[in-house]
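Remarks on the structure that follows.
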Amino acid sequence: MSSVSSQPQFRYTQPPSKVLHLRNLPWECTEEELIELGKPFGTVVNTKCNVGANRNQAFIEFEDLNQAIQMISYYASSSEPAQVRGKTVYLQYSNRQEIVNNKTTADVVGNVLLVTIEGDDARMVSIDVLHLVFSAFGFVHKITTFEKTAGYQALVQFTDAETATAAKLALDGRSIPRYLLAETVGQCSLKITYSAHTDLTVKFQSHRSRDYTNPYLPVAPSAIDSTGQVAVGVDGKKMEPESNVLLASIENMQYAVTLDVLHMVFAAFGEVQKIAMFDKNGGVQALIQYSDVQTAVVAKEALEGHCIYDGGFCKLHITYSRHTDLSIKVNNDRSRDYTMPNPPVPMPQQPVQNPYAGNPQQYHAAGGSHHQQQQQPQGGWVQPGGQGSMGMGGGGHNHYMAPPSSSSMHQGPGGHMPPQHYGGPGPMH
(Lines of atoms letter the chains of each structure in order from A and count residues from 1; the text may use other names and numbers.)
(Lines give C-alpha, C1' and ligand atoms only; values in the text may rest on other atoms or scores of the structure.)
Protein backbone atom coordinates (compact mmCIF):
# COMPACT_ATOMS: atom_id res chain seq x y z
CA MET A 1 0.00 0.00 0.00
CA SER A 2 1.53 3.26 -1.13
CA SER A 3 1.64 6.36 1.01
CA VAL A 4 2.80 9.91 0.66
CA SER A 5 6.08 9.07 2.38
CA SER A 6 6.80 6.35 -0.19
CA GLN A 7 6.51 8.78 -3.10
CA PRO A 8 9.79 9.98 -4.67
CA GLN A 9 9.58 13.44 -3.15
CA PHE A 10 13.33 14.02 -2.91
CA ARG A 11 16.44 13.32 -4.92
CA TYR A 12 18.81 12.41 -2.10
CA THR A 13 21.84 11.93 -4.35
CA GLN A 14 21.55 15.44 -5.80
CA PRO A 15 23.97 17.89 -4.11
CA PRO A 16 22.27 20.77 -2.27
CA SER A 17 21.41 23.91 -4.22
CA LYS A 18 19.63 27.11 -3.35
CA VAL A 19 17.35 26.33 -6.31
CA LEU A 20 14.62 23.76 -5.63
CA HIS A 21 12.73 21.79 -8.25
CA LEU A 22 9.00 21.31 -7.54
CA ARG A 23 6.83 18.71 -9.29
CA ASN A 24 3.16 17.72 -9.39
CA LEU A 25 1.93 21.31 -9.10
CA PRO A 26 -1.50 22.41 -10.31
CA TRP A 27 -1.01 23.53 -13.90
CA GLU A 28 -2.45 26.96 -13.12
CA CYS A 29 -0.07 27.50 -10.17
CA THR A 30 1.07 31.11 -9.88
CA GLU A 31 4.34 32.75 -8.91
CA GLU A 32 2.68 34.17 -5.79
CA GLU A 33 1.77 30.67 -4.58
CA LEU A 34 5.37 29.50 -5.01
CA ILE A 35 6.66 32.44 -3.00
CA GLU A 36 4.08 31.75 -0.28
CA LEU A 37 5.19 28.10 -0.11
CA GLY A 38 8.84 29.03 0.42
CA LYS A 39 8.32 32.08 2.64
CA PRO A 40 8.48 30.21 6.01
CA PHE A 41 12.01 29.05 5.23
CA GLY A 42 13.61 32.21 3.87
CA THR A 43 13.57 34.80 1.13
CA VAL A 44 12.57 33.59 -2.33
CA VAL A 45 14.49 35.72 -4.83
CA ASN A 46 13.43 34.07 -8.07
CA THR A 47 10.82 31.70 -9.46
CA LYS A 48 9.99 29.95 -12.69
CA CYS A 49 6.57 28.32 -12.97
CA ASN A 50 4.54 26.34 -15.51
CA VAL A 51 7.57 24.33 -16.62
CA GLY A 52 7.42 20.98 -18.40
CA ALA A 53 5.13 19.41 -20.97
CA ASN A 54 2.21 19.44 -18.53
CA ARG A 55 3.12 22.84 -17.08
CA ASN A 56 3.04 21.31 -13.60
CA GLN A 57 6.64 21.88 -12.55
CA ALA A 58 8.47 24.91 -11.18
CA PHE A 59 11.72 26.21 -9.71
CA ILE A 60 12.18 28.48 -6.71
CA GLU A 61 15.47 30.12 -5.77
CA PHE A 62 16.28 31.13 -2.17
CA GLU A 63 18.55 33.93 -1.11
CA ASP A 64 21.10 31.46 0.30
CA LEU A 65 21.77 27.74 0.36
CA ASN A 66 20.84 27.18 4.03
CA GLN A 67 17.27 28.34 3.43
CA ALA A 68 16.82 25.79 0.63
CA ILE A 69 18.32 23.04 2.81
CA GLN A 70 15.95 23.99 5.64
CA MET A 71 12.90 23.61 3.37
CA ILE A 72 14.04 20.23 2.02
CA SER A 73 14.90 18.97 5.53
CA TYR A 74 11.58 20.08 6.97
CA TYR A 75 9.42 18.27 4.44
CA ALA A 76 11.70 15.22 4.43
CA SER A 77 10.95 14.66 8.12
CA SER A 78 7.39 15.99 8.23
CA SER A 79 4.32 13.78 8.13
CA GLU A 80 2.55 16.56 6.22
CA PRO A 81 3.85 16.93 2.65
CA ALA A 82 4.17 20.26 0.87
CA GLN A 83 0.88 21.15 -0.75
CA VAL A 84 -0.49 23.74 -3.17
CA ARG A 85 -4.28 23.93 -3.43
CA GLY A 86 -4.56 20.62 -1.63
CA LYS A 87 -2.27 18.86 -4.09
CA THR A 88 0.90 17.15 -2.84
CA VAL A 89 4.04 18.78 -4.22
CA TYR A 90 7.30 16.84 -4.59
CA LEU A 91 10.53 18.72 -3.84
CA GLN A 92 14.15 18.07 -4.71
CA TYR A 93 17.36 20.01 -5.16
CA SER A 94 17.83 21.33 -8.66
CA ASN A 95 20.96 20.59 -10.66
CA ARG A 96 21.26 24.32 -11.33
CA GLN A 97 22.67 26.79 -8.82
CA GLU A 98 20.55 29.72 -9.91
CA ILE A 99 17.60 30.50 -12.14
CA VAL A 100 19.12 32.19 -15.16
CA ASN A 101 17.03 34.62 -17.22
CA ASN A 102 13.77 34.04 -15.40
CA LYS A 103 12.15 36.34 -17.91
CA THR A 104 11.90 33.88 -20.79
CA THR A 105 10.65 34.81 -24.24
CA ALA A 106 7.17 33.91 -23.10
CA ASP A 107 7.44 36.38 -20.19
CA VAL A 108 8.85 39.41 -22.04
CA VAL A 109 5.99 41.77 -22.75
CA GLY A 110 5.48 42.50 -26.45
CA ASN A 111 2.88 43.46 -29.03
CA VAL A 112 2.67 39.95 -30.55
CA LEU A 113 0.94 37.09 -28.75
CA LEU A 114 1.59 33.38 -29.24
CA VAL A 115 -1.77 31.65 -28.97
CA THR A 116 -2.16 27.89 -28.59
CA ILE A 117 -5.67 26.65 -29.38
CA GLU A 118 -6.44 23.56 -27.31
CA GLY A 119 -9.21 21.08 -28.02
CA ASP A 120 -9.98 18.10 -30.22
CA ASP A 121 -11.23 20.39 -32.99
CA ALA A 122 -8.61 23.13 -32.60
CA ARG A 123 -7.69 23.01 -36.29
CA MET A 124 -11.26 23.91 -37.21
CA VAL A 125 -11.01 27.31 -35.50
CA SER A 126 -10.71 29.71 -38.42
CA ILE A 127 -8.46 32.73 -38.58
CA ASP A 128 -11.55 34.93 -38.77
CA VAL A 129 -12.91 33.55 -35.51
CA LEU A 130 -9.56 34.39 -33.90
CA HIS A 131 -9.78 37.89 -35.35
CA LEU A 132 -13.25 38.36 -33.89
CA VAL A 133 -12.07 37.26 -30.45
CA PHE A 134 -8.89 39.37 -30.29
CA SER A 135 -10.15 42.49 -32.08
CA ALA A 136 -12.46 43.09 -29.12
CA PHE A 137 -9.39 44.49 -27.33
CA GLY A 138 -7.97 46.67 -30.09
CA PHE A 139 -6.95 46.80 -33.72
CA VAL A 140 -5.37 43.54 -34.86
CA HIS A 141 -2.67 44.16 -37.47
CA LYS A 142 -1.83 40.61 -38.55
CA ILE A 143 -2.57 36.97 -37.74
CA THR A 144 -0.71 33.86 -38.86
CA THR A 145 -1.63 30.28 -37.96
CA PHE A 146 0.53 27.16 -38.04
CA GLU A 147 1.00 23.75 -36.47
CA LYS A 148 3.80 22.78 -34.10
CA THR A 149 4.43 19.90 -31.74
CA ALA A 150 2.63 21.97 -29.09
CA GLY A 151 -0.49 21.91 -31.28
CA TYR A 152 -2.39 24.37 -33.45
CA GLN A 153 -1.03 27.87 -32.80
CA ALA A 154 -1.41 31.44 -33.98
CA LEU A 155 0.58 34.66 -33.78
CA VAL A 156 -1.59 37.74 -33.21
CA GLN A 157 -0.03 41.17 -33.72
CA PHE A 158 -1.42 44.27 -32.03
CA THR A 159 -0.40 47.91 -32.33
CA ASP A 160 1.37 47.99 -28.98
CA ALA A 161 2.28 45.87 -25.97
CA GLU A 162 -0.41 47.45 -23.80
CA THR A 163 -3.20 46.22 -26.06
CA ALA A 164 -1.61 42.78 -26.32
CA THR A 165 -1.31 42.58 -22.53
CA ALA A 166 -4.98 43.47 -22.07
CA ALA A 167 -5.98 40.70 -24.48
CA LYS A 168 -3.65 38.20 -22.82
CA LEU A 169 -4.94 38.91 -19.32
CA ALA A 170 -8.56 38.61 -20.43
CA LEU A 171 -8.31 35.57 -22.70
CA ASP A 172 -5.54 33.33 -21.36
CA GLY A 173 -7.07 30.06 -20.20
CA ARG A 174 -10.55 30.99 -21.43
CA SER A 175 -12.71 29.17 -23.97
CA ILE A 176 -13.71 30.59 -27.34
CA PRO A 177 -17.37 31.67 -27.14
CA ARG A 178 -19.64 28.85 -28.19
CA TYR A 179 -21.64 30.98 -30.63
CA LEU A 180 -18.52 31.69 -32.72
CA LEU A 181 -17.90 28.00 -33.39
CA ALA A 182 -19.70 25.69 -35.78
CA GLU A 183 -22.07 23.16 -34.22
CA THR A 184 -19.70 20.30 -35.09
CA VAL A 185 -16.72 21.95 -33.37
CA GLY A 186 -16.16 21.11 -29.71
CA GLN A 187 -14.98 23.44 -26.98
CA CYS A 188 -11.62 25.10 -27.66
CA SER A 189 -9.60 27.04 -25.10
CA LEU A 190 -6.74 29.52 -25.47
CA LYS A 191 -3.28 29.42 -23.90
CA ILE A 192 -1.48 32.70 -24.48
CA THR A 193 2.11 33.84 -24.02
CA TYR A 194 4.14 36.70 -25.46
CA SER A 195 6.08 36.12 -28.67
CA ALA A 196 9.58 37.38 -29.44
CA HIS A 197 8.29 38.68 -32.78
CA THR A 198 7.45 42.35 -33.14
CA ASP A 199 6.28 42.49 -36.78
CA LEU A 200 4.87 39.47 -38.61
CA THR A 201 5.56 38.88 -42.30
CA VAL A 202 2.44 38.07 -44.32
CA LYS A 203 2.94 37.59 -48.07
CA PHE A 204 -0.57 36.44 -49.00
CA GLN A 205 -4.07 36.76 -47.61
CA SER A 206 -5.25 33.21 -46.99
CA HIS A 207 -7.01 30.98 -44.48
CA ARG A 208 -3.64 30.64 -42.68
CA SER A 209 -2.46 34.26 -42.63
CA ARG A 210 -4.04 37.69 -42.79
CA ASP A 211 -2.69 41.25 -42.91
CA TYR A 212 -5.45 43.67 -41.92
CA THR A 213 -3.26 46.73 -42.61
CA ASN A 214 -2.78 45.97 -46.31
CA PRO A 215 -6.02 45.45 -48.26
CA TYR A 216 -4.06 45.25 -51.54
CA LEU A 217 -2.08 42.18 -50.53
CA PRO A 218 -2.68 39.37 -53.06
CA VAL A 219 -4.94 36.51 -52.08
CA ALA A 220 -3.40 33.05 -52.13
CA PRO A 221 -5.14 31.12 -54.96
CA SER A 222 -7.43 28.30 -53.88
CA ALA A 223 -6.32 28.75 -50.26
CA ILE A 224 -3.04 26.91 -50.90
CA ASP A 225 -0.89 26.86 -47.79
CA SER A 226 2.86 27.37 -47.47
CA THR A 227 3.59 23.70 -48.20
CA GLY A 228 1.99 24.02 -51.63
CA GLN A 229 -0.83 21.66 -50.72
CA VAL A 230 -4.51 22.43 -50.84
CA ALA A 231 -5.75 22.96 -47.31
CA VAL A 232 -8.15 20.35 -46.00
CA GLY A 233 -10.20 20.13 -42.84
CA VAL A 234 -10.22 17.31 -40.32
CA ASP A 235 -12.89 15.55 -42.38
CA GLY A 236 -10.61 15.48 -45.42
CA LYS A 237 -12.71 17.96 -47.40
CA LYS A 238 -11.19 20.92 -49.18
CA MET A 239 -11.46 24.10 -47.14
CA GLU A 240 -13.24 26.96 -48.92
CA PRO A 241 -11.44 30.26 -49.45
CA GLU A 242 -13.30 32.68 -47.21
CA SER A 243 -15.03 35.74 -48.64
CA ASN A 244 -17.11 38.70 -47.54
CA VAL A 245 -19.83 37.60 -49.98
CA LEU A 246 -21.99 34.56 -49.23
CA LEU A 247 -23.89 32.44 -51.74
CA ALA A 248 -27.14 31.22 -50.17
CA SER A 249 -29.23 28.47 -51.77
CA ILE A 250 -32.78 28.02 -50.49
CA GLU A 251 -34.07 24.45 -50.32
CA ASN A 252 -37.66 23.24 -49.85
CA MET A 253 -39.01 26.68 -50.68
CA GLN A 254 -42.71 26.28 -49.91
CA TYR A 255 -43.11 29.87 -48.76
CA ALA A 256 -42.02 33.22 -50.11
CA VAL A 257 -38.52 34.42 -49.29
CA THR A 258 -38.29 38.05 -50.30
CA LEU A 259 -35.33 40.38 -50.35
CA ASP A 260 -36.45 41.89 -47.04
CA VAL A 261 -36.73 38.46 -45.44
CA LEU A 262 -33.14 37.68 -46.40
CA HIS A 263 -31.97 41.06 -45.16
CA MET A 264 -33.63 40.51 -41.78
CA VAL A 265 -32.03 37.08 -41.38
CA PHE A 266 -28.50 38.03 -42.45
CA ALA A 267 -28.41 41.52 -40.89
CA ALA A 268 -28.58 39.91 -37.44
CA PHE A 269 -24.83 39.24 -37.77
CA GLY A 270 -23.64 42.58 -39.09
CA GLU A 271 -24.25 45.27 -41.67
CA VAL A 272 -25.44 43.85 -44.98
CA GLN A 273 -24.22 46.02 -47.85
CA LYS A 274 -25.86 44.38 -50.85
CA ILE A 275 -28.17 41.49 -51.75
CA ALA A 276 -28.89 40.03 -55.18
CA MET A 277 -31.42 37.23 -55.77
CA PHE A 278 -31.60 35.04 -58.88
CA ASP A 279 -32.98 31.74 -60.17
CA LYS A 280 -30.65 28.86 -60.94
CA ASN A 281 -31.21 25.16 -61.60
CA GLY A 282 -34.89 25.49 -60.76
CA GLY A 283 -34.22 27.03 -57.36
CA VAL A 284 -33.66 30.43 -55.78
CA GLN A 285 -30.22 31.64 -54.75
CA ALA A 286 -28.92 34.89 -53.32
CA LEU A 287 -25.62 36.70 -52.93
CA ILE A 288 -25.25 38.55 -49.63
CA GLN A 289 -22.38 41.01 -49.26
CA TYR A 290 -20.92 42.05 -45.89
CA SER A 291 -18.30 44.73 -45.30
CA ASP A 292 -15.70 42.24 -44.10
CA VAL A 293 -14.82 38.56 -44.20
CA GLN A 294 -15.09 37.85 -40.48
CA THR A 295 -18.75 38.92 -40.35
CA ALA A 296 -19.53 36.66 -43.29
CA VAL A 297 -17.73 33.76 -41.57
CA VAL A 298 -19.84 34.12 -38.42
CA ALA A 299 -23.06 34.37 -40.43
CA LYS A 300 -22.19 31.31 -42.51
CA GLU A 301 -21.33 29.17 -39.50
CA ALA A 302 -24.50 30.22 -37.66
CA LEU A 303 -26.99 29.92 -40.54
CA GLU A 304 -25.76 26.93 -42.54
CA GLY A 305 -28.40 24.20 -42.51
CA HIS A 306 -30.99 26.25 -40.62
CA CYS A 307 -34.49 27.02 -41.88
CA ILE A 308 -36.18 30.39 -42.21
CA TYR A 309 -39.60 28.91 -41.37
CA ASP A 310 -40.62 26.19 -38.92
CA GLY A 311 -41.24 22.72 -40.29
CA GLY A 312 -38.05 22.50 -42.32
CA PHE A 313 -39.20 25.04 -44.91
CA CYS A 314 -36.81 27.34 -46.78
CA LYS A 315 -33.62 25.67 -45.59
CA LEU A 316 -30.40 27.64 -46.11
CA HIS A 317 -27.25 26.15 -47.63
CA ILE A 318 -24.42 28.66 -47.60
CA THR A 319 -21.01 28.75 -49.27
CA TYR A 320 -18.46 31.48 -49.89
CA SER A 321 -18.72 33.33 -53.19
CA ARG A 322 -15.80 34.28 -55.38
CA HIS A 323 -17.29 37.76 -55.66
CA THR A 324 -16.02 40.49 -53.36
CA ASP A 325 -18.15 43.44 -54.52
CA LEU A 326 -21.58 42.99 -56.10
CA SER A 327 -22.58 45.31 -58.95
CA ILE A 328 -26.14 46.51 -58.35
CA LYS A 329 -27.32 49.32 -60.63
CA VAL A 330 -30.95 49.64 -59.52
CA ASN A 331 -32.91 48.64 -56.46
CA ASN A 332 -35.87 46.33 -57.02
CA ASP A 333 -37.49 43.27 -55.47
CA ARG A 334 -34.54 41.10 -56.59
CA SER A 335 -31.52 43.25 -55.78
CA ARG A 336 -30.65 46.06 -53.41
CA ASP A 337 -27.65 48.18 -52.49
CA TYR A 338 -28.05 49.31 -48.87
CA THR A 339 -25.00 51.60 -49.14
CA MET A 340 -26.65 53.90 -51.72
CA PRO A 341 -28.46 56.87 -50.09
CA ASN A 342 -30.90 57.50 -52.97
CA PRO A 343 -30.69 54.58 -55.37
CA PRO A 344 -32.73 54.55 -58.60
CA VAL A 345 -35.90 52.49 -58.36
CA PRO A 346 -37.52 51.09 -61.52
CA MET A 347 -41.19 51.78 -62.23
CA PRO A 348 -43.38 48.77 -61.38
CA GLN A 349 -44.81 46.90 -64.35
CA GLN A 350 -47.71 44.50 -64.57
CA PRO A 351 -46.68 41.00 -65.67
CA VAL A 352 -47.85 39.94 -69.12
CA GLN A 353 -49.25 36.74 -67.69
CA ASN A 354 -49.74 35.14 -64.31
CA PRO A 355 -46.40 33.41 -63.53
CA TYR A 356 -48.14 31.16 -60.98
CA ALA A 357 -50.86 29.89 -63.29
CA GLY A 358 -49.03 26.67 -64.12
CA ASN A 359 -48.28 25.68 -60.52
CA PRO A 360 -49.86 27.81 -57.79
CA GLN A 361 -47.76 26.14 -55.10
CA GLN A 362 -44.43 27.01 -56.72
CA TYR A 363 -42.64 30.26 -55.94
CA HIS A 364 -40.62 31.90 -58.73
CA ALA A 365 -39.26 34.84 -56.69
CA ALA A 366 -39.84 37.32 -59.49
CA GLY A 367 -42.75 39.30 -58.16
CA GLY A 368 -42.75 38.94 -54.39
CA SER A 369 -45.62 37.22 -52.60
CA HIS A 370 -48.80 36.16 -54.43
CA HIS A 371 -52.37 35.67 -53.37
CA GLN A 372 -52.32 32.02 -54.54
CA GLN A 373 -49.22 31.25 -52.53
CA GLN A 374 -49.47 29.24 -49.33
CA GLN A 375 -49.90 31.21 -46.16
CA GLN A 376 -46.65 31.48 -44.23
CA PRO A 377 -46.46 29.20 -41.21
CA GLN A 378 -46.46 30.26 -37.62
CA GLY A 379 -43.12 30.49 -35.82
CA GLY A 380 -39.65 30.64 -37.27
CA TRP A 381 -37.59 33.74 -37.92
CA VAL A 382 -40.34 35.42 -39.96
CA GLN A 383 -43.81 36.02 -38.60
CA PRO A 384 -46.77 35.15 -40.83
CA GLY A 385 -48.69 37.71 -42.75
CA GLY A 386 -46.28 38.59 -45.52
CA GLN A 387 -43.81 41.38 -45.74
CA GLY A 388 -45.90 43.89 -43.87
CA SER A 389 -45.71 41.97 -40.59
CA MET A 390 -41.93 41.64 -40.53
CA GLY A 391 -41.36 45.04 -39.01
CA MET A 392 -38.70 45.71 -41.62
CA GLY A 393 -39.31 49.38 -42.31
CA GLY A 394 -37.07 51.00 -44.88
CA GLY A 395 -33.70 49.45 -44.18
CA GLY A 396 -34.67 46.71 -41.74
CA HIS A 397 -33.10 46.10 -38.38
CA ASN A 398 -30.49 43.79 -36.95
CA HIS A 399 -32.64 41.57 -34.73
CA TYR A 400 -34.63 38.42 -35.36
CA MET A 401 -38.38 38.71 -35.01
CA ALA A 402 -39.64 37.32 -31.73
CA PRO A 403 -41.52 34.04 -32.11
CA PRO A 404 -45.31 34.45 -31.92
CA SER A 405 -45.68 31.79 -29.24
CA SER A 406 -43.53 29.93 -26.76
CA SER A 407 -44.34 26.68 -28.51
CA SER A 408 -42.26 27.72 -31.50
CA MET A 409 -39.17 27.96 -29.35
CA HIS A 410 -38.74 24.20 -29.53
CA GLN A 411 -36.45 23.58 -32.42
CA GLY A 412 -37.28 20.56 -34.53
CA PRO A 413 -35.19 19.37 -37.43
CA GLY A 414 -34.29 22.56 -39.22
CA GLY A 415 -36.82 24.55 -37.23
CA HIS A 416 -36.84 27.86 -35.45
CA MET A 417 -33.61 29.37 -34.21
CA PRO A 418 -34.05 31.46 -31.06
CA PRO A 419 -32.92 35.08 -31.23
CA GLN A 420 -29.18 35.60 -30.82
CA HIS A 421 -26.84 38.55 -31.16
CA TYR A 422 -23.57 38.28 -33.04
CA GLY A 423 -21.60 41.39 -32.31
CA GLY A 424 -18.13 41.18 -30.75
CA PRO A 425 -16.98 38.26 -28.64
CA GLY A 426 -19.36 37.53 -25.80
CA PRO A 427 -18.60 36.46 -22.27
CA MET A 428 -15.88 33.89 -21.90
CA HIS A 429 -16.54 30.60 -20.18
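Using N, Cα and C of the backbone, Cβ positions are placed for all residues, glycine too.
Noted in Swiss-Prot for the protein shown:
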{"type": "COMPBIAS", "residues": "367-381", "note": "compositional bias 'Low complexity'"}
{"type": "COMPBIAS", "residues": "382-397", "note": "compositional bias 'Gly residues'"}
{"type": "DOMAIN", "residues": "18-96", "note": "domain 'RRM 1'"}
{"type": "DOMAIN", "residues": "110-197", "note": "domain 'RRM 2'"}
{"type": "DOMAIN", "residues": "243-323", "note": "domain 'RRM 3'"}
{"type": "MOD_RES", "residues": "SER2", "note": "N-acetylserine"}
{"type": "REGION", "residues": "331-429", "note": "region 'Disordered'"}
Secondary structure tally of the domain 'RRM 3' (243-323) (DSSP, helix then strand then coil):
22 helix, 35 strand, 24 coil
Do you know the DSSP helix, strand and coil residue counts for the domain 'RRM 1' (18-96)?
24 helix, 27 strand, 28 coil
Using DSSP, how many residues of the domain 'RRM 2' (110-197) fall into helix, strand and coil, respectively?
28 helix, 31 strand, 29 coil
